[in-house]
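Q: Structure in structure tokens, see below.
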Amino acid sequence: MAGWTVCVDFLYTGDKMLEDACAVISGERVERVHTGGFRGQPDLDLRGRSSLALPGVIDMHVHLRGLKLSYKEDEVSGTAAAASGCVTLVADMPNTQPPLRTPEALREKLASLEAGAKVDYTVYAGVPRSYGEAVEMASMGIAGFKIYPEDLVNLDSIKNVLEAAEEAGILVVLHPESHDMFAGPDYGWLRRVARPCHAEAASVELLHDAARECGCKPRVHITHASCPATVVESKKRGFTVDVTPHHLFLSEEEVAGPTHSWGKVNPPLRGVGERSLLTQLTIEGLVDAIASDHAPHSTWEKWMHPAIAPPGFPWLEWWPGFTAARLMRAVGLERFYSMVSQTPSTILGVGDRCLWDGCPATISVLQLERTRVYHKGYTKALYTPVLGMESFDCAATVIRGKIAYTAWEGVRGGATGVLATRVVH
């Protein structure tokens, strides 16, 4: 599309709010932003819809599945779901099949994303077998390495990753749980007891100690913290930390009954008390980012007995609007923007997120009219514990100057996403 214009009711530039504003887009950049209407008919006119344009939303934690797990989700369906939810960039996790623990598997995943992604993307690698593989994978344009609880038993491999990440200037991301502290039945109302909060905080301390032992100082990020103590421990150690919408807004009592596997997720949903404290820490500014942990499965898998059903549920079609409807008033627009856009971009190292003259034309437009969560038909995961709950919706998604989605046309065709580390900022 040549130079074109989008107009909205409200536009947040990254430091101030404008009303009845238009952005003139030329190529992949915002040429100028102005208020007071537009002479003629804008190419994309979203006024009169309670529309709010923000610098593009980033999701630091998604599972697009793909490869041999494409029956759950794939790179096309997952990124289409992201576009429909106003997410402009996703960071894909490595626990697919084969797991992204070798350069060969990582190349296959990157090729699949290049062929099908409808939003921009980056990837985390798993913990490889050797330091040499870690160095090679760190040079392949990844966002960082992901450490899972089962990886923590091999500290030599962890130290290899810490060293390689520091050398390459990329992230080390930790799933904060320690398996050796799990106890009891791992399903239903007992999950938060079986996977206790102190297992989260202990894993953060363990990773900090491993980094100290090897003399490494990589950038460490703690993802999907479900407990207040995990957030506090992370900040104490100088790590960044994110939380998920489900840990902020759902409690075990609401959706994780003894026969209900739709709400089964790792780390588990907590009680009302932990959830309230986690929300308070978020409001107070201790949480750096919101990330979805979009973790799709087939419907038949989630109808299995809760003891064996896989953990996780889909979020990409809805989480920005769902979160904005519940949190934006409490934290303010500036803080909300920081947690879903600017700070994730800084942590991932993918360039600034702003919306004024000269900024990248990557824009999320939320519609601030309450609706209810429904299946939009993009993700392959046709279940969610938040079905029917109130939410804002996505009006439009623009990625590097191209319209990826509008609420009335849906997701546009073609693979338009690129590896975020290759975007010129």
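First residue shown is number 1, and so on along the chain.
Every residue gets a Cβ built from N, Cα and C, even glycine.
Relevant sequence annotations retrieved from Swiss-Prot are reproduced here:
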{"type": "BINDING", "residues": "His61, His63, Lys146, Asp293", "note": "Zn(2+) 1 binding site"}
{"type": "BINDING", "residues": "His63, Leu64, Arg65, Asn95, His297, Pro311, Gly312", "note": "substrate binding site"}
{"type": "BINDING", "residues": "Lys146, His175, His224", "note": "Zn(2+) 2 binding site"}
{"type": "MOD_RES", "residues": "Lys146", "note": "N6-carboxylysine"}
{"type": "ACT_SITE", "residues": "Asp293", "note": "active site"}
Q: So which binding-site residues out of His63, Lys146, Asp293 end up within 10 angstroms of His175 (Zn(2+) 2 binding site), measuring C-alpha to C-alpha?
A: Lys146
Q: Hey, how far is His224 (Zn(2+) 2 binding site) from His297 (substrate binding site), Cα to Cα, in Å?
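A: Between the Cα atoms of His224 (Zn(2+) 2 binding site) and His297 (substrate binding site), the distance comes to 19 Å.
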Q: Can you tell me which binding-site residues out of Arg65, Asn95, Pro311 are within 10 A of Asp293 (Zn(2+) 1 binding site) by Cα, answering none if there aren't any?
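A: The binding-site residues close to Asp293 (Zn(2+) 1 binding site) (Cα within 10 Å) - there are none.
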Q: To the nearest Å, how far is the Cα of Pro311 (substrate binding site) from the Cα of His63 (Zn(2+) 1 binding site)?
A: 12
Q: Greatest CA-CA distance (Å) over the residues His63, Leu64, Arg65, Asn95, His297, Pro311, Gly312 that the record ties to substrate?
A: 15
Q: Can you tell which of the binding-site residues His61, His63, Lys146 lies nearest to His297 (substrate binding site) in space, using Cα positions?
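A: Checking each of His61, His63, Lys146 against His297 (substrate binding site), the shortest Cα distance is to His63.
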Q: Near His224 (Zn(2+) 2 binding site), how many other Cβ atoms are within 10 Å of its Cβ?
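A: Taking every protein chain into account, the count is 26.
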Q: May I ask which of the binding-site residues His61, His63, Lys146 is closest to Gly312 (substrate binding site) if we compare their C-alpha atoms?
A: His63
Q: When DSSP states are folded down to helix, strand and coil, where does His61 (Zn(2+) 1 binding site) land?
A: strand
Q: In whole Å, note down how far the CA of Asn95 (substrate binding site) lies from the CA of His63 (Zn(2+) 1 binding site).
A: 8
Q: His63 (Zn(2+) 1 binding site) has how many other Cβ neighbours within 10 Å of its own Cβ?
A: 24
Q: Using Cβ-Cβ distances, find the residues under 8 Å from Leu64 (substrate binding site) that belong to the same chain and are at least 6 apart in sequence, listing them in sequence order.
A: Glu73, Asp74, Glu75, Gly78, Thr79, Val90, Asp92, Thr96, Leu113, His294
